[in-house]
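Presented below is the structure to which this report refers.
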Amino acid sequence: MRLRKKWWARPEIEASDKFADEPKELRGKWNKKFNNNNDIHLELGCGRGGFISQLVEKNKDINYVGIDLKDEVIVYAIRKVKEKEEEVKREFKNIKFITMNIMGIAEVFDKNEISKIYINFCNPWPKERHNKRRLTHTKLLTEYKKFIKPNTEIWFKTDDKELFEDSQEYFKESGFNIEYITYDLHNSDFKENIKTEYETKFETMGMKIMFLKARLL
């Protein structure tokens, strides 16, 4: 589904201190941007911010960067964080958002700058000629390895079984060890799950969610 252009979105996100409008200039300087030396975690394809806003609230000593392609999506993620701030009556200084094509992500983060990556319900790109666009594909995992620290974990959730099984091979081929895996997350023994908007919707439909944790060797 193609998003309708919202002309008001760009001015709104640029007015927010949660938005980094020149991310390439921050390469190697993200801790300075956050004004601390805390670990930095990424959510790739953060959508409307339901997931990352919960992380930011729970973990004030971790910095987060949410990435999505469209201004029309990020604007709602910023609003979601503001809503959460109002709810808990506390300003979150540990979150930034950027809009970009993730294919160019290694231009934004430097070696050993990132400590964890979350990938939730990304586009499965089912046609074989489009597989390289998958956020878990070996092509992109190679890019992530340019800026993640040793032993970094990638947490991956999806409702698409073909993507999930292909991704297991992508991780193994790219030098990651799969440390946890389940084909039914909500009925598993994994207790650290935070639900996304999609996940809550899928749960009401009785759909099973697949999840894995992969660690860079």
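Every residue gets a Cβ built from N, Cα and C, even glycine.
E43 is the residue from E43, E85, E86, E153 that Swiss-Prot records in the S-adenosyl-L-methionine site together with D68, N101, N123. Residues 103, 122-123, 140, 163, 166-167, 170 of the same chain lie 6+ residues outside the region 'Interaction with RNA' (129-134) yet bring a C-beta within less than 8 angstroms of a C-beta in it. Candidate binding-site residues: D68, E197. Fewest other C-beta atoms within 10 angstroms, E197. Comparing local CB density within 10 A for the binding-site residues N101, T196, the maximum falls on T196.
Look at N123 (S-adenosyl-L-methionine binding site): DSSP puts it in coil. Ranking the binding-site residues E43, D159, E199 by how many other Cβ atoms lie within 10 angstroms of each Cβ puts D159 at the bottom.
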